[in-house]
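*Asks:* So TrEMBL lists these for the protein:
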DOMAIN    19-292  domain 'Sugar phosphate transporter'
TRANSMEM  38-60  transmembrane segment
TRANSMEM  72-91  transmembrane segment
TRANSMEM  97-118  transmembrane segment
TRANSMEM  125-143  transmembrane segment
TRANSMEM  149-171  transmembrane segment
TRANSMEM  214-236  transmembrane segment
TRANSMEM  275-294  transmembrane segment
REGION    305-340  region 'Disordered'
COMPBIAS  326-340  compositional bias 'Basic and acidic residues'
Amino acid sequence: MTAGFQLGVIGSLTLSVASSVAIVICNKALISTLGFPFATTLTSWHLMVTFCTLHVAQRLRFFEPKAIDGQTVVLFGLLNGTSIGLLNLSLGFNSIGFYQMTKLAIIPFTVLLETIFLKKRFSETIKFSLLVLLLGVGIASVTDLKLNYLGSVLSGLAIATTCVGQILTNTIQRKLKVSSTQLLYQSAPYQAAILFATGPFVDHLLTGRSVFAHIYTFPVVGFIILSCLIAVSVNFSTFLVIGTTSPVTYQVLGHLKTCLVLSFGYTLLHDPFTARNILGILVAIFGMALYSVFSVREGKKKSAGDALPVSQMPDKETEPLVATKDNSDTKKANGVAHDC
């Protein structure tokens, strides 16, 4: 693993955390303070602005587009768009606690899928660190656990589509040799299309209000524009993180964002904060630290094991990609942020 690659990974992780926390704070103000609850429709606008931004960047030669099989891109885009809608529906039809449990379940389900279908092996130390992380986030964020049949079904579908979509994000980039920018540019129109078509209906079902009848004041429009601009960075960094690390690492990063959002909510927005929240955040941070240490250690071992003698090195030098491998209104805002 080269120093340049390590810096790239650190940069993508930092960009993802900073942009995601920023968009959660922006969306919390938009949803709870300004009364704009149309999360799914807002996400479709995020993706449309992302595509338009990337199209301008492509025309200015900031990156070169790469042709990807049409069926693959369409199915991938529709799957990711569907997962966002299902996560928002899950939040609408479940208690906040059960919704948080849904998000926590994404990591073990991803590990299970990668183990079964991709034959990937996760060491006992990595599994232990993930368990500590999930325990900490659960203590900090899960409050009530009210179950209902429809909500449970929606949560199950949301978990499945999210896991598959993130695994495909990583797999497509590696196997088809496309960058995160190229993949996002190709798939964003299809993600935006399905959410643009279904978003108003989903939001009306969840809120009982119509996005078309909403009164768009200057502050509302301003925060929508700001949210869309931040979302460009969120979407780009999501694809970048998954492509350079793994779906599991991206989910670990997502739970770091949850802890940061809870902390910022208490510090800046004066949300309720208890000793249980503090304990959970500390346990989660400890789990993340363990995951980071064990991942780096295993990455170094893999790099050393894959090294070839000079006489056996290929003519062209290659760099091995080592898999080192979200208060109710705050949760709603977080659903929009991560899932766009």
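Placement of Cβ uses the backbone N, Cα and C atoms for every residue, glycine included.
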*Asks:* Does the structure show the transmembrane segment (275-294) and the transmembrane segment (125-143) touching, where I'm treating 3 or more Cβ pairs under 8 angstroms (sequence separation 6 or more) as a contact?
*Replies:* yes
*Asks:* Contact between the transmembrane segment (72-91) and the transmembrane segment (149-171) is defined here as three or more C-beta pairs under 8 Å separated by at least 6 residues; is that satisfied?
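*Replies:* They do touch: at least three Cβ pairs between the two stretches lie under 8 Å.
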*Asks:* Which residues of the chain, 6 or more past the ends of the transmembrane segment (72-91), have a CB below 8 A from one of its CBs?
*Replies:* 39-40, 43, 47, 99, 102, 151, 154-155, 157-158, 161-162, 164-165, 168-169, 172, 186-195, 198-199, 202, 205-206, 331-332, 335-336, 339-340
